[in-house]
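A.B. asks: Pasting a structure below so you can have a look.
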Amino acid sequence: MRRITVLGATGSIGQNTLDVVARHPEDFEVFALTAHSQVQVMAELCLKHHPQYAVMGSQSSASELKELLGTQVSTQVTYGEKALAEVSAAGDVNIVMAAIVGAAGLAPTLAAIDAGKDVLLANKEALVMSGQLFIDHAQRSGARIIPVDSEHNAIFQCLPQAAQQLVGTMSLAEHGIQHLLLTGSGGPFRDIPLEELSKQTPGAACNHPNWSMGRKISVDSATMLNKGLEYIEARWLFNCSREQLKVVIHPQSVIHSMVQYTDGSVLAQMGEPDMRTPIAHSLGYPERLESGVSNLDFTQIGQLTFKQPESARYPCLQLAIEACWAGQWATTALNAANEIAVDAFLQEQVGFTDIAKVCDSVLQSITTHEADSIETLLAIDKKARLAAKQWLQEYAQ
Ligand code: NAD
Ligand code: MG
């Protein structure tokens, strides 16, 4: 029996995780669930999964949750950042699913890493904004990182076993790997005329053709900054050089990513676009668990196609690739600027194509490049958010 904390339990990844966990009551026990503000959903999850702890974002949402739960379960309800870190690092916990969206996930995910847990990493922003530091912490504590993001999970599955034990520090070349191929669907705006991009609404951006996901990552998929963040995520997880990492558009989302070996072999991981597959893989690793995902029907798929991402359509992807090799300051700043820009887009304060403009302008405004401690990283994150907000203010005038 392994005990799990699910950070971001009410989200798309969180709920898919609990769906898989519930299929294996003999293997997993839910230790803690956390959520920001969705009290009603959290109450339902607590009634179903009976966690020892439930952590909310604020005192008021914790009180509401307590009221809803009454005496139906013995779950202890708490709130706040300290409680988040505590349920991530608690001695009773074996596995932490890191599925908070955005920079808010960094502190609790690092707490799990520092406590040497098995960390199932969905929260790519945490790794993007802390990079080497994140990997160093895992090295120090011996925490095992298993990628949940479907592309990284696919690559992980296609690696030799020996390399799977070296997340963050492996040498791809030593394992006979020439490069990694990250696939992406190209998002909902892949085929529309370029001049129509600026008119796209949040509703259209969140209507992903293949995947059902939270709103922030859906917008990131439309700009392909999601692929950019994943590029940075892959750089750290698999210790890649620029030559060892490529992005290709694959509209059908059947192949979730690939590994090109030096002998010409390409290994790909395929499956239905359903996050329960990588989640089940990360939960069961090295064993396989039933996930509820149906089998691929190759006769229904018909064909698999591939193409290069166009730079005019996806300026955010290019910004992320450049930021990746510019240094940690740049990826931290880009992630922060994007969070502010996406939020503004979702609130219809800016247009779709403004997201890239905000990110670009913020990256150019950052002049302090020191980013070797949590404090300096958070300072850059803060500066970038302020610069993005300033851009938005000027835009509104
Ligand atoms: P979501 O918006 O559906 O859920 C986010 C979760 O985080 C919720 O439980 C919410 O309560 C919590 N949360 C939000 N803000 C918080 C804060 N300030 N403090 C504490 N908790 C907070 O998001 P999602 O789609 O499930 O994505 C979660 C993470 O997984 C993201 O980093 C995303 O990039 C990554 N991811 C998601 C998918 C997917 O299919 N949804 C795929 C790959 C990676
Ligand atoms: Mg992904």
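Note: Cβ is positioned from N, Cα and C throughout, glycine not excepted.
Model, not experiment: these values are computed from the prediction.
Taken from TrEMBL, the feature domain '1-deoxy-D-xylulose 5-phosphate reductoisomerase N-terminal' applies to 4-131. Residues annotated as NADPH binding site in TrEMBL: Thr10, Gly11, Ser12, Ile13, Asn123, Glu125, Gly214. What TrEMBL records for Lys124, Ser150, Glu151, Ser185, His208, Ser221, Asn226, Lys227, Glu230 is 1-deoxy-D-xylulose 5-phosphate binding site. Among the features that TrEMBL reports, domain '1-deoxy-D-xylulose 5-phosphate reductoisomerase C-terminal' is placed at 145-238. According to TrEMBL, the feature Mn(2+) binding site maps to Asp149, Glu151, Glu230. As annotated by TrEMBL, domain 'DXP reductoisomerase C-terminal' applies to 270-385.
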A.B. asks: Out of the binding-site residues I have (Gly11, Asn123, Glu151, His208, Asn226, Glu230), which ones have their Cβ sitting under 6 Å from ligand 1?
C.D. replies: Gly11, Asn123
A.B. asks: Between the binding-site residues Gly11, Gly214, where is the Cβ count within 10 Å the lowest?
C.D. replies: Gly214
A.B. asks: What count of other C-beta atoms do you get within 10 angstroms of the C-beta of Asp149 (Mn(2+) binding site), across all chains shown?
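C.D. replies: Cβ-Cβ neighbours of Asp149 (Mn(2+) binding site) within 10 Å number 28.
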A.B. asks: Out of Thr10, Ser12, Glu125, Asp149, Glu151, Gly214, which binding-site residues lie by ligand 2, with a C-beta less than 6 Å from some atom of it?
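C.D. replies: Close enough to ligand 2 are Asp149, Glu151.
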A.B. asks: In the structure shown, with every protein chain counted, which of the binding-site residues Thr10, Asn226 has the densest set of Cβ atoms within 10 angstroms of its Cβ?
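C.D. replies: Compared across Thr10, Asn226, the most Cβ atoms within 10 Å surround Asn226.
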A.B. asks: Are there any residues at least 6 positions away along the chain from Ile13 (NADPH binding site) with a Cβ closer than 8 Å to its Cβ? List them or say none.
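C.D. replies: Looking at Cβ-Cβ distances below 8 Å from Ile13 (NADPH binding site), excluding near sequence neighbours, one finds Met97, Ala99, Ala122, Val148, Gly214, Met275, Ile279.
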A.B. asks: What other residues of the same chain, not counting Asp149, Glu151, Glu230, have a CB atom within 8 A of the CB centroid of the Mn(2+) site?
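C.D. replies: Output for this site, in sequence order: Lys124, Pro147, Ser150, His152, Asn153, Leu182, Asn226, Lys227, Leu229, Glu233, Ala234, Ser257.
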A.B. asks: Tell me which of the binding-site residues Thr10, Gly11, Ser12, Asp149 ends up closest to Lys124 (1-deoxy-D-xylulose 5-phosphate binding site) in space, Cα to Cα.
C.D. replies: Asp149
A.B. asks: Give me the CA-CA distance between Glu125 (NADPH binding site) and Glu230 (1-deoxy-D-xylulose 5-phosphate binding site), in Å, as a whole number.
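C.D. replies: So the Cα of Glu230 (1-deoxy-D-xylulose 5-phosphate binding site) lies 9 Å away from that of Glu125 (NADPH binding site).
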A.B. asks: Going along the chain, which residues six or more apart from Glu151 (1-deoxy-D-xylulose 5-phosphate binding site) have their CB under 8 A from its CB?
C.D. replies: Leu182, Thr183, Gly184, Glu230, Ala234, His256, Ser257
A.B. asks: Quick check for the class: what is the C-alpha distance, in angstrom and rounded, between Asn226 (1-deoxy-D-xylulose 5-phosphate binding site) and Asn123 (NADPH binding site)?
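C.D. replies: Cα-Cα distance, Asn226 (1-deoxy-D-xylulose 5-phosphate binding site) to Asn123 (NADPH binding site): 12 Å.
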A.B. asks: Could you give the Cα-Cα distance between Ser12 (NADPH binding site) and His208 (1-deoxy-D-xylulose 5-phosphate binding site), in whole Å?
C.D. replies: 14
A.B. asks: Should any of the binding-site residues Thr10, Gly11, His208 have a Cα within 10 Å of the Cα of Asp149 (Mn(2+) binding site), which are they?
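C.D. replies: Those near Asp149 (Mn(2+) binding site) - Cα within 10 Å - do not exist; the answer is none.
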A.B. asks: I need the least crowded one of these binding-site residues (Ser12, Asn123), counting other C-beta atoms within 10 angstroms of each C-beta.
C.D. replies: Ser12
A.B. asks: Can you see whether DSSP assigns Lys124 (1-deoxy-D-xylulose 5-phosphate binding site) to helix, strand or coil?
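C.D. replies: Where Lys124 (1-deoxy-D-xylulose 5-phosphate binding site) sits, the three-state DSSP reduction gives helix.
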